[in-house]
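Okay, structure first, notes after.
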């Protein structure tokens, strides 16, 4: 099956609340490979690769806020964006 890609930019109260750590666990649940990293503007960027159904479930979970301490304002989604192929999902520092 073909794997789809997406870049997500998540804004709100998403840094310093375990957002990247819990995003990594959600990624494992849905067999997502890619990365998650904090950006200097206070947002978080996620690069994700997975089969379409799993990618959509992952995006829905991110929209709900994977971390209990986070507050999502908006999730910008760029489906089909070029993403580096990876075998794992990693937190980038």
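Backbone N, Cα and C atoms are what each Cβ position is placed from, and that goes for glycine too.
The annotation domain 'Acylphosphatase-like' is assigned in Swiss-Prot to 5-93 on the grounds of sequence analysis. Per-residue confidence over the domain 'Acylphosphatase-like' (5-93) averages 96 (mean pLDDT, predicted model).
Here Swiss-Prot flags 20 (among others) as active site. Around the Cβ of residue 20 (active site), the number of neighbouring Cβ atoms within 10 Å comes to 21.
DSSP assigns residue 38 (active site) to a strand in the three-state reduction. Taking a C-beta cut-off of under 8 Å and a sequence gap of six or more, residue 38 (active site) has these contacts in its own chain: 15, 20, 44. Under the heading active site, Swiss-Prot lists 38 (among others), citing sequence analysis as support.
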Within the domain 'Acylphosphatase-like' (5-93), how many residues are helix, strand or coil going by DSSP?
24 helix, 36 strand, 29 coil
